[in-house]
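What Swiss-Prot annotates here:
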TRANSMEM  35-55  transmembrane segment
TRANSMEM  60-80  transmembrane segment
TRANSMEM  106-126  transmembrane segment
TRANSMEM  129-149  transmembrane segment
TRANSMEM  157-177  transmembrane segment
TRANSMEM  185-205  transmembrane segment
TRANSMEM  242-262  transmembrane segment
TRANSMEM  283-303  transmembrane segment
Amino acid sequence: MAEAISAALPTRDQVVPSRKRVKLPPWLEVAKPRLIPLLLATTLGGMALTEGWPLSSPRLVCTLGGGALASAAAGVLNCLWEQDLDGRMARTSGRALPSGRLSPTSAFIGAIACTLAAAMLLVSGVNCLAAGLSLLGLCSYVLLYTALLKPRTTQNIVIGGVAGAIPPLVGAAAATGHVGLGGWWLFALVMVWTPAHFWALALLLREDYRAVGIPMLPVVKGPVVTARAIRRYGWATVLLSGFGVLALPTGGVFYGLILLPFNGRLIQMVQRLSMDPDSLMAAKGLFRWSILYLFGICLLLILSRTDLASSFDQQVMFVLQQLPIV
């Protein structure tokens, strides 16, 4: 009976990716390189929210390079910690460590090398605050989320999401040597964005998580409760994103106007899932859009710091000043 039920369930390859995945070398696979671009995008977003934008090319390269290395180290340590768990899940049993294509010793050496390289690059090429925050992000992902929260509570991603929200702080620290209100705003935005994004994926993979006893919200509470929680966090993301108008040093009006269709689409996807919590297509659509949404927000923050956006803001303010006061 269990085998029949398992056979009837959709696989991850059927519901998540839109195209065939590229086969990566084992040493690169464990670094989880597909997660790195979004982390670097939020790092750039944190930079764009400061008066230090744009950064000099050497500092920019050191910040992004150090962030990528720290993220890679975190990915490898996560794979090391979860190799037994991955080996028991059909979806992940073919990964480099549980399949034996890469030895744990080699992976651990790689993680240490990436960590040291990240620290050296950030300390020497950026500043100690940026380096410390990057290492804090690494530790919070491996120790707080992976080791402590993930196997114990349905709120694992709510609290553990702090790891993914640290890159904006790194970006702000790299640009100015401190973290201002703009950096903390983007940190908070990523924190409230994360649950809706991750729970959409967890809805697709809930039977995998159930099989190995990981208490993800869809496993413990079911799709209906999960969809309601996603709706709450989706609306919180939309509301908080609007404060970027105030967080930006320049270009806030431009940001606010271009933000509207992004938020409209996010709410549309959230509502669609809320109306049909069992729909894998709705969960899949929300998961994909949430990634594009955060990429779009970070790109919008950067564009808002251009001379064109500043000029647009000035023209809008001039027009508003000419309106008669009733």
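Just so it is clear, glycine is given a Cβ too, placed from its N, Cα and C backbone atoms.
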- prompt: So which residues does the transmembrane segment (35-55) touch in its own chain, when a touch means Cβ under 8 Å and the partner is 6 or more beyond its ends?
  reply: 63-64, 67-68, 71-72, 75, 164-165, 167-172, 174-176, 180, 182-183, 185-187, 190, 247-249, 291, 294-295, 297-299, 301-302, 304-305
Message: Can you work out which residues elsewhere in the same chain, 6+ from the ends of the transmembrane segment (283-303), have a Cβ less than 8 Å from its Cβ atoms?
response: 15-16, 18, 38, 41-42, 44-45, 48-49, 186, 189-190, 193, 196-197, 200-201, 203-204, 230, 241, 244, 248, 251, 254-255, 258-259, 262, 265-266, 269-270, 272-273, 309
Field: Within-chain partners of the transmembrane segment (185-205) [C-beta distance under 8 Å, separation at least 6 from its ends]
entry: 10, 12, 15-16, 42, 45-46, 49, 91, 157-158, 161-162, 164-169, 216-219, 223, 226-227, 229-230, 233-234, 236-237, 240-241, 243-244, 247, 270, 273, 277, 280, 283-284, 286-287, 290-291, 293-294, 297, 301
